Amino acid sequence: MKGNSYFSRKLHSLLGIIPLGGFIVVHGLTNYQAFERGPEGFDKGVTLINSLPLLPLLEIFVIYLPLLFHGIYGLYVAYQSNSNTGRFKYGRNWAFTAQRVTGVITFVFVFWHVYQTRMQVYLGNITHEELGSTMNKIATDPTYFVLYLIGVLAAVFHFSNGLWAFLISWGITIGPKAQRISSYICMGVFVVVSALFILSLVAFMGDEFKEAANAALTWTNIG
Amino acid sequence: MAETTVASKTVKFIISRQDTPESKPYTQEFELPYRPNMNVISGLMEIQRNPTTADGVKTSPVCWESNCLEEVCGACSMVINGKPRQACSALIDQLEQPVRLEPMRTFPVVRDLVINRERMFNALKKVKAWIPIDGTYDLGPGPRMAESKRQWAYELSKCMTCGVCLESCPNVNDRNSFIGPAAISQVRLFNAHPTGEMNKHERLDALMTDGGIEGCGNSQNCVRSCPKGIPLTTSIAAMNKDTTTHLFKKWLGM
Ligand code: HEM
Ligand code: SF4
Ligand code: FES
């Protein structure tokens, strides 16, 4: 069995759900602590994640490498597709195009977002305790807020619609009825996970996240 | 009696033309006298008899392909008012005017509306869409096929290799090696046959190489476009399942 696009595509599809899909859900839930429990809740979540053993290895093998493979191969997959929504105006065909467009948006957004947050911790510009105030700065800037809203909605759509496609790519949902039911479930996933992210973005706007901001003033030179 | 009113009615065609495979396409307009129960093919025949454009300029007759004239051979497939379909079953009374005809450009254009669908036949060869029973001696009767299964399989066997599903698919293009929906559904058909099943793995292996099943991106235009109502997306998902199972079995050496 030599390397061929069948295996690359299967790997691309798998990585989209495991680990990336799992990550986006956990990420949404952690951020949501900001909405539900305020700065302490969010800090707790961040600290919990930062106390995981072998964190750098986990990050590299469970997030960065899968993201790079899925993202870069995904750009290639998007390049290989036409969009013919003008001629075939079916919902699923729109979703096909949207899957590609949101993939590209997600690609740009994720790199920018990681640079603004995680990279700054690595570079020593902020500590992870200051991430809350970093997010406060982002959420209170109207331009950043809108860009984050677009980025988050694109990423969550991409994940939810990708989940629907994943179930077909692996032969789990086969008939039209199974695929219709799974599309309703995936739409539900989109609504719930989007809500998690949007509510946390709103929560980050609150003054209580500003507290640690003084310490994070250095961040101002990043944007 | 009604002769005069009928005769004054006309049908307008806007046809995309192309003189050679490499030359640039251009459009020409034709206006023909309306006749009851006309279809696109009879319109094209009328143009062939009197190849004059709507402006009265003499031109070469428009080329097209057709055979069965009853939507079973697939030869007359073209893009009619933006949708790929068979010209022989496209009734003028049911079409918006002017009627726009274009070749299915997913395939190489030979001339005017004539295209080369060779890639579809190559795809059928690639996945071995047949049942190998030839040999040097009589193999005797094969296993029986249950009538209920035969009826189900008959639906898949209606495919006429017309190419409409490939034309509607956003992943069938020259940047992508996707084999297209039709051949995948044929793998399902031949793998379901009691004798064909004996070579199931060969067809699955073929789908698991470059230019196989992996190019499907689930736009699902194919199933909505197929004139034969073949459940293409179900076939693709079923073959996704079978190739996945086959993959794991191979890895585990089963
Ligand atoms: C980083 C930029 C990304 C790009 C450029 C990208 C691109 C793509 C593209 C083009 C597809 C369509 C594949 C197809 O329909 O055959 C796809 C599918 C998918 N993506 Fe992404 N993606 C990215 C990030 C993500 C992320 C972060 C996740 C997880 C949350 C994700 C999850 C998925 C899933 C689950 C699928 C469906 C797989 C399948 O069809 O079987 N993607 N991606
Ligand atoms: S599956 Fe349907 S649309 Fe595709 S080639 Fe066969 S008959 Fe034509
Ligand atoms: S001529 Fe055979 S399908 Fe139209």
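Indices start at 1 and increase along the chain as displayed.
Heads up, the Cβ atoms here are built off N, Cα and C, so glycines get one too.
Residues or ranges marked as transmembrane segment in TrEMBL: A:12-34 (among others).
DSSP gives A:His158 (heme binding site) a helix state. Positions annotated as heme binding site by TrEMBL: A:His27, A:His70, A:His113, A:His158.
Non-local neighbours of the transmembrane segment (A:54-76) in the same chain are 8, 11-12, 15-16, 19-20, 23, 103-104, 106-107, 110; each lies 6+ residues outside the stretch with a CB under 8 Å from one of its CB atoms. Annotation source TrEMBL lists transmembrane segment at A:54-76 (among others).
Using a Cβ-Cβ cut-off under 8 Å and counting only residues 6 or more beyond its ends in the same chain, the transmembrane segment (A:97-115) has close neighbours at 67, 71, 74-75, 77-78, 81, 83, 85, 147-148, 150-152, 154-155, 157-158, 161-162, 165. According to TrEMBL, the feature transmembrane segment maps to A:97-115 (among others).
Annotation source TrEMBL lists transmembrane segment at A:145-172 (among others).
Look at TrEMBL and you will find A:184-205 (among others) tagged as transmembrane segment. Beyond its flanks by at least six residues, the transmembrane segment (A:184-205) meets 24-25, 28-29, 31-35, 38, 132, 135-136, 138-140, 145, 148-149, 152-153, 156-157, 159-161, 163-164 of its own chain at Cβ-Cβ distances under 8 Å.
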Among the binding-site residues A:His27, A:His113, A:His158, which have a Cβ atom lying under 6 Å from any atom of ligand 1?
A:His158
Cβ-Cβ under 8 Å from A:His158 (heme binding site), same chain, 6 or more residues apart: which ones?
A:Gln99, A:Thr102, A:Gly103, A:Thr106
I'd like to know which of the binding-site residues A:His27, A:His70, A:His113 has the most other Cβ atoms within 10 Å of its Cβ.
A:His70
